[in-house]
Amino acid sequence: MSAHESMEHAEHAEHASGSNKKIALLIAVLALFLAISETLGKGAQTESISKNVEAANLWAFFQAKSIRRTVVATAAEQGKLTLGGTTDDAMKATVQKQVDDWTKTAQRYRSEPETGEGTEQLAEKAKHAEHERDEATAKYHHFELASAAFQIGIVLASATIITGMFALAYVSGVLTLAGLIMTALGLWWPHLLHLH
């Protein structure tokens, strides 16, 4: 091998070393973005599960209150029927007082703004929890897609070092951009794209 060929070989190795450093930096940045999107995704997934449980609990409470309201309203109706067949004034007064109490209780079970535990308030709270669950789920899907883009980008960037095919590095860069876009959508506009 001549001195000229050795010089060319050394220059080529030096150029490849510089390119490899850039690819290694790309891989490090991709790994950072992957860690961020995975962390955000796990948080969104946990929030989604938590809000789903909260909504289920609120709907169960709503059902229990609805059943109680129905039972009390039925008792009030039965009391009204009893009033029609009673001639004793003392008995009528007692039954009427009980019917009034049951009617008030049924109304309280329907709407209880001071405690937030009437069926109307419980339904509102449950719907709100469902909305928050859906929001967190949408975020989670975006973060998962971002993570996939970053992971594939890392693989392609690593393959660039081995194969020397710089087109893979460009595809890795495009995937990085796609991952960043999906992360941004997950953070600020989770319902812009319908992913689930």
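Each residue, glycine too, has its Cβ placed from N, Cα and C.
Counting residues of the compositional bias 'Basic and acidic residues' (122-134) by DSSP class, helix then strand then coil, yields 13 helix, 0 strand, 0 coil. Positions annotated as compositional bias 'Basic and acidic residues' by TrEMBL: 122-134.
The region 'Disordered' feature in TrEMBL is assigned to 107-134. Through the fold, the region 'Disordered' (107-134) approaches residues 47-48, 51-52, 54-55, 58-59, 61-62, 65-66, 68-69, 72 of its own chain, all at least 6 residues removed from its boundaries and within a Cβ separation under 8 Å.
Residues or ranges marked as transmembrane segment by TrEMBL: 23-41 (among others). Tertiary proximity for the transmembrane segment (23-41) is limited to same-chain residues at least six positions away from its ends with a CB under 8 Å from its CB atoms, namely 139-140, 143-144, 146-147, 150-151, 153-154, 157-158, 160-161, 169, 172-173, 176, 179-180, 182-183, 186-187.
The transmembrane segment annotation in TrEMBL covers 168-189 (among others).
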Review point. Sequence-remote contacts (6 or more beyond its ends) of the transmembrane segment (168-189), Cβ cut-off under 8 Å?
Key: 23, 26, 29-30, 33-34, 36-37, 40-41, 44, 138-143, 145-147, 149-150, 152-154, 156-157, 159-160
